[in-house]
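Chemist: Mind looking over this structure? Questions follow.
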Amino acid sequence: MTDTTAQHVVDTVANAAATPEREQPFAALGLKPDEYASIREILGRRPTNGELAMYSVMWSEHCSYKSSKIYLRQFGQKVTPAMKKNLMVGMGENAGVVDIGEGWAVTFKVESHNHPSYIEPFQGAATGVGGIVRDIISMGARPVAVMDQLRFGAIDEPDTAHVVHGVVSGISFYGNCLGLPNIGGETYFDPVYQGNPLVNALSVGVLRHEDLHLANASGVGNKVVLFGARTGGDGIGGASILASDTFSEGGPTKRPAVQVGDPFAEKVLIECCLELYRDKLVEGIQDLGAAGISCATSELASNGDGGMFIELDSVLLRDPSLTAEEILMSESQERMMAVVKPELLDQFLAVTAKWDVETSVLGEVTGTGRLVINWHGEEIANVDPRTVAIDGPVYERPVAYPSWIDALRADSASALALPVSGDALREQALALLGSANLADKSWITDQYDYFVGGNTALAFPDDAGMIRVDEESGLGFAIATDANGRYCQLDPKEGAKLALAEAYRNVAASGAVPAAVTDCLNFGSPENPEVMWQFSQAVEGLSDACLELGIPVTGGNVSFYNQTGDVPIFPTPVVGVLGVIDDVARRIPAGWQDEGENIYLLGITREELDGSAWAATVHGHLGGRPPAVDLAAERRLAETLHAASQQGLISSAHDLADGGLAQALTESVLRFGVGARVWLGDIAERDGVDAASALFSESTARAIVSVPREDDVKFRGLCDGRGVPALRIGVTDAGAGTEPVLEIQDLFAIEVAELRSVHRSTLAERFGPVVG
């Protein structure tokens, strides 16, 4: 027998029982010795190679949430009946589903594809988009938009440009080919992400209530069908290796093939699925992402009648040399698995044939409570599917208060030199405007199609993306994502609250009512007790804040092992907030459109410069405590903004966050090129702050709005009645010359042309022409 033939000898269940002492490469597959011992105990024998492959990917950190599960339960525990009222599907499914009225529902979710995007930036990012879109399809929805949250290393590092070009082009390629508008997100640069970029992709879809589908395999005798792209060798072990281990300082030491995406195949798959749903041909459905067939079969069986029989050799292959174990672990893209009644199978196959989507019947649902997999007539797996998909190991990792955090918090920004003169304030405002993190991101966003589909109401650079759902009524949704790793490094509990508060505020500023949350929790190694302390604090803070704001977490993702060597990233919980708007015609943009309107600052300004963009940009400083979170004030502000938009009292709204008032003013000016005259004296007098804090503080629960003069009295009355401090700080104005100007009275003035030049040049100068 040749070596090649020997490699393909099938390890059957009978053989596993007969050879209990055979050594197996469990460690190479990411399993710990005690986990391997648990598998043997569950099975009463050693696992077959196929079973070992299944357990290794499904018990990985990425799939099992074994280090985070004990904390994530808080999201399901800290809820009220009112929070559940409009929640059709919560955590545990492929994506959350929210009732938005008129028989419509929205499903949305954010997930990470961090490690693959470092190994192969283009394909890693592209397949991140494809994977999250399939989660949306699997709920019975039509995907209608995507967003992304990106974190890269220092902007001036040569490797950063390579990763940025690949990631952005991968996202734009896949999303644009699918015909999905990319309506928002954030991009930040920091050396802490140098060896570990974050690529978090969000997708959102719409569906009628009656079209909702879930991932379960119910109905003994129903057929299990795999359809979509053929199965290849790409992504094998991705969940257990790429997403569940750290990178060494020299780069990734384990390099399984990153998945390869085909957006045109996915576009056809979307339309095929929607027709199958319309014709009511699907009983249950699951997309194939992390862990591939291992995940789809075990999860469908666990959530249904508990049993399934699969003929693995019926899987259509791109590479006929793949072993059974490789087929089980493959993460080839653009694949779905459906459960179909036998009497509807011919109709199902006719629809997939119409769309030229390759389809194979793999097996059927059984009532045995076992997942049995055969390979060329021999049994290679016989497991309780719940032990694979649900009842995996759960760890309560050691938690330790970081040894360095007290010193970091003691190093407050209050000791930093503040600008006093008008010239110094002007110089520093421009420095922030042109800094890597606050500069215009159109070099990135212009590679995305914002308006494909014709239903985009708001997109970059507005505070939230907004999509019209119903053409007749104007019903729509808004969505915003936010994160601030610098705040979380100072205080992960308060930092997570701040991320939620900003996304909540952004949605409210668009005119929508915040309704639900998704999150992607990006952290270092869970084997580091200090990282686990950060994680536990962030989850506690986020769950507490959701409860106080009255909006439920519908699902999301945890991404651990984001570190290079022993250096973890900043804790970076990404929070997405979905809001509902009854008519997108009432949407509010984040910039001034008309001259002669009054500019109001809503909320109170405090001397809060710790962790700020000003401290980082001007002084290279990180220390102290993040801004105080006042969720009651956030709620009052959101309700006021919504009421003002409904009554037509405001023509623009922009939240205050990174860069404070200075950044919000310049972005509002640049949105439509309308200048402004602003005075800071009343802020200083009322709030007791100096000019620098008035401009650069990042105090929360604040926004600036523009109000037509004829609505001024009504608007003031609205704010007074709702307990929201409102201070008139300026007017929109063309300026005395031919060029619009942003004038901070008695301090400085900057022409809009200069603001635009500074704001737009940073990324283009650093990254050059768009590649591809």
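Glycine is treated like the rest: Cβ placed from N, Cα and C.
So Swiss-Prot says this about it:
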ACT_SITE  H62  active site
ACT_SITE  H113  active site, proton acceptor
BINDING   Y65, K109, D519, G556  ATP binding site
BINDING   E111, N557  Mg(2+) 1 binding site
BINDING   S112, H113, N114, H115, R134, Q259, E331, S332, Q333, S559  substrate binding site
BINDING   D135, D287  Mg(2+) 2 binding site
Chemist: DSSP on G556 (ATP binding site), three-state: which is it?
Modeler: strand
Chemist: Have a look at the recorded positions H62, Y65, D135, G556, N557 and say which one has the shortest Cα distance to S112 (substrate binding site).
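Modeler: Nearest by Cα distance to S112 (substrate binding site): N557.
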Chemist: Express in Å, rounded to the nearest integer, the largest CA to CA distance found among the substrate-binding residues S112, H113, N114, H115, R134, Q259, E331, S332, Q333, S559 named in the record.
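Modeler: Of all Cα pairs among the recorded substrate binders, the widest measures 20 Å.
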Chemist: Out of E111, D519, which of the binding-site residues is least crowded by other Cβ atoms within 10 Å?
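Modeler: Minimum Cβ neighbour count within 10 Å, taken over the binding-site residues E111, D519, occurs at E111.
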Chemist: Any idea what the Cα distance is from G556 (ATP binding site) over to R134 (substrate binding site), rounded to a whole Å?
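Modeler: So the alpha carbons of G556 (ATP binding site) and R134 (substrate binding site) sit roughly 14 Å from each other.
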Chemist: What other residues of the same chain, not counting Y65, K109, D519, G556, have a CB atom within 8 A of the CB centroid of the ATP site?
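Modeler: Other same-chain residues near the ATP site: M91, V110, E111, T518, C520, L521, V553, G555, N557, V558.
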Chemist: Going by C-alpha positions, which of the binding-site residues (K109, E111, D287, D519) is nearest Q333 (substrate binding site)?
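Modeler: Closest recorded candidate to Q333 (substrate binding site) by Cα: D287.
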Chemist: Please classify the secondary structure at R134 (substrate binding site) using three-state DSSP.
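Modeler: The residue in question, R134 (substrate binding site), is helix (DSSP, three-state).
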Chemist: Is any of the recorded positions E111, H113, R134, D287, N557 within 10 Å of Y65 (ATP binding site) (Cα-Cα), and if so, which, in sequence order?
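Modeler: Checking Cα-Cα distances against Y65 (ATP binding site), the recorded positions within 10 Å turn out to be N557.
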Chemist: Using CB atoms and a 10 A radius, I'd like the single residue among the binding-site residues D135, E331 with the highest neighbour count.
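Modeler: Counting Cβ neighbours within 10 Å, the top one is E331.
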Chemist: Which is it, of H62, K109, H113, R134: the one of these recorded positions whose Cβ has the most other Cβ atoms within 10 Å?
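Modeler: The residue with the densest Cβ neighbourhood is H113.
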Chemist: Where the distance is taken from Cα to Cα, which of the recorded positions H62, D135, D287, E331, N557 turns out closest to D519 (ATP binding site)?
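Modeler: Ranked by Cα distance from D519 (ATP binding site), first place goes to N557.
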Chemist: Among Y65, K109, D519, G556, the annotated ATP contacts, find the widest CA pair distance and round it to a whole Å.
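Modeler: Largest Cα to Cα distance for the ATP-binding set is 17 Å.
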Chemist: Just the number: how many Å between the Cα atoms of E331 (substrate binding site) and E111 (Mg(2+) 1 binding site)?
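Modeler: The separation of the Cα atoms works out to 16 Å.
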Chemist: Which of the recorded positions H62, K109, D287 has its Cα closest in space to the Cα of R134 (substrate binding site)?
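Modeler: Given the candidates H62, K109, D287, the nearest one is D287.
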Chemist: I'd like to know which of the binding-site residues N114, D135, D287 sit within 10 A of N557 (Mg(2+) 1 binding site) at the Cα level.
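Modeler: Taking N114, D135, D287 one by one, none has a Cα falling within 10 Å of N557 (Mg(2+) 1 binding site).
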Chemist: Counting only residues 6+ away in sequence within the same chain, which have a CB under 8 Å from the CB of D287 (Mg(2+) 2 binding site)?
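Modeler: Within the chain, D287 (Mg(2+) 2 binding site) has Cβ neighbours under 8 Å at N94, G131, R134, D135, I137, S138, A296, R335, M336, M337.
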